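One structure is given below, encoded as structure tokens.
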């Protein structure tokens, strides 16, 4: 035991010596062995009591370097010391704040660093005290981080803010240290520079874990919250990312850090939190500390190295000092050669065996370290490979960006030339922008009101959590009272048993004394009888009588002493009984007091439960009041004149109604949970908030949809929306009162919303027979099919060109080549148009889908998607028909007019594709400008096809000369009448064909899903597809509805006088 105490005292002395050597005013870095001994001391004593007892004696205001090294050592023991160090340091939180305030008011380089370092340590203490699941060295797994964050998104949000604050404190300290080194032009090999750089090793270790925490928490927040809400978080993370990357890069360049720490490499760009798939690309940065002892010289004032093995002192009493001194050399040589005599035990054998065991352990540890290092090397190599692949991809993207930049520069020149053409459109857009601003202001007001409701809801939830915490504290107090009561009962039983045992011992002692007294009395009686007989018999035994008398006196004194001892034992027993009785009375009084306190705690607990129920019901009433306000506001929109101009699509109404039906199920579940446990209204509060917003959204969008619906459907839809609001208010009124809370049922609201859903499904346009979730795939398929059709058309035209060169010569070959060349140019222009339309479509989807998927975006904008599909099909079909017509013309089996009509049809189809893509595009988009340029190029190429076709037709048609010299007057008149009859017949046929063309186009619109009686209905996207050029100030007819140029009537010369007279 004394040996163990000596070891503890020596370890304590070593720790105090290391503290004094590590924390001083000398401008040199803290030695690693001193810090290691201090850390081992915290693990030995399971806390930092010794460290703080010594540290409080420092004169911190006297030296800033002393404070800096104190903060460095404190940071080390917080990270690597015993877990109880955090509690011990928290007790001295005010001392660290005071150190920072003292040096913050002084103009000193180290003073500024001490201020920032003390703030960092205070932030670290507050963070780890609040989040006890996260250790001070921040080394936890992703699963433990998930448990620490919890499932409440508000807690995750708050934890991410605290991680950002933690990271800011670390980066401010690192930036200030590096800035001071730059300003003083110091070298990292100097001890003064190393004194400042040494704490940055702990900063690098903390920052690597905090960066990983921030990435995990932000991806979790983006999975639960809208992207707009987290814009501030993303901006703050990006700022910290660039600062941390700059800090790591500068630290890697310093020679001081290269031998002490392996700094991880961060990615070139921060993670994209808007894409959940980017989480898989995230690699946790790992900081590696090489397992090497620092090359230090043994100082003169350092302690002697501790022995690896303690060897007990062996004392040999049999060998005298003189004999040992007489032959020291002989015994030593004999022992070294033959070992200890008589097979004795030598201490060196014990040391050798112990060193061998330690050597084996060190070898196993070395193998483990090698395996760990190999694993880290493998991970780092994989990271290097992935980063090199990303670098190659970035280079390729840079090259593509340069090419696109050149194209955009050329397009910019063309755009500048066309700016004058768009000035006339500005007046129309100004009015639309004013209306959009007014709508945006109303939206902002509604958004502010929604934000206030969310904040009030969050405050109510926090109050509920505080109440639950108070209840848990009360329950803990009650449990402590129960444990105290049980302890007192056990103590009373133990004292009672001890008193009974003492009474039994005293009773046994009294009986033993009585038995001895009786024996002595019997002996005295026997002696008296002997004396009486002896007196009668002889005078010689007088001397023996005298002896017996003295013996009697001695026995009498012994009896009296025994009686005195018996009386003292009786008094002691009485005193013990009285003290035991007093102890019993005291215990009974304490038990009564504890029972009274227990009753008081029980009453307080009942009051707290009642208060909790009242507060929960008050929260419920407040939430219902806000829900009623939201629904009343939505009902008021039904009669608001300003709301008449608002429109909505049936698809969006259906999505809102389905969401409202889901919220009704959640309300029913929350209502049932609340009736079972009225002390927890959290689920009901969340479901009521969601129900009120979704129901109000359904009412408002139902009214907006009714503005574009037929009269019968509009009346039914408006009436159902009004009934939905009324029934919702009645349901909320029943929930607001305790008397009607049990019978509140939203079944009537469900029936009305189902009616609204059915009306929305009836109002949906009858477009393509494709499911909504397949629209996105169908768009890609149709665009790919169109591109494939164009490629096939180009290939066939090349084949026709080769065949025409073999089969024809002369003028026919020249005409065929001109026509086929113009068709090839037209196909190339259409291919560029399809590519530009695909790029613009991707830009529209990425810019408008937000957090939704591409399929959800296409399904939400189904009419616009169907327009794209129809336009793509028309372009592909037109290209195929044009190739067929060109083939017939080259083979002289077709008409030139067919080729001209196909050219017009392709121009109209491309115009439809441009209009469908232009509906949702940004007017300032560069890709939209590129699409418009490609559209004009297609029109030019179509005009070239028409021109080359007409020119070839003129060259190949035989123009017979009109020789009427051989005809008489009567025959000429007859020919003239026949020609007039033929002209009239052709005009009649032309009118009939035009009527037929009009009917065909009507039927085409009906089959395409846009009946004539519904051309003016639907949302803005539908109307834009029906009339592709509605963006211009003067709306025109669709290109398919324009009549083709008609042939002019022949000029008939007036009849001469001779003809009339002859007639």
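Each Cβ is built from the backbone N, Cα and C atoms, and glycine gets one as well.
Under the heading domain 'ENTH', TrEMBL lists 7-135. The average pLDDT computed over the domain 'ENTH' (7-135) stands at 88.
Taken from TrEMBL, the feature region 'Disordered' applies to 529-603 (among others).
Residues annotated as compositional bias 'Polar residues' in TrEMBL: 530-549.
According to TrEMBL, the compositional bias 'Basic and acidic residues' annotation covers 550-565 (among others). Away from its own ends, the compositional bias 'Basic and acidic residues' (550-565) comes close to residues 513, 516-517, 520-521, 523-524, 527 of its chain (Cβ-Cβ under 8 Å, at least six residues beyond either end).
Long-range contacts of the compositional bias 'Low complexity' (566-581) within the same chain: residues 495, 499, 502-503, 506, 509-510, 513-514, each at least 6 residues beyond the stretch ends and with a Cβ under 8 Å from a Cβ of the stretch. Annotated compositional bias 'Low complexity' per TrEMBL: 566-581 (among others), in sequence order.
Residues 474, 477-478, 481-482, 484-485, 488, 491-492, 495 of the same chain lie 6+ residues outside the compositional bias 'Basic and acidic residues' (582-603) yet bring a C-beta within less than 8 angstroms of a C-beta in it. Here TrEMBL flags 582-603 (among others) as compositional bias 'Basic and acidic residues'.
Positions annotated as domain 'I/LWEQ' by TrEMBL: 767-1008.
The region 'Disordered' annotation in TrEMBL covers 1030-1063 (among others).
According to TrEMBL, the compositional bias 'Low complexity' annotation covers 1031-1046 (among others).
Mapped onto DSSP classes, the compositional bias 'Low complexity' (566-581) shows 16 helix, 0 strand, 0 coil. Taking H, G and I as helix, E and B as strand and the rest as coil, DSSP gives the compositional bias 'Basic and acidic residues' (550-565) the counts 16 helix, 0 strand, 0 coil.
In terms of DSSP secondary structure, the compositional bias 'Basic and acidic residues' (582-603) contains 22 helix, 0 strand, 0 coil.
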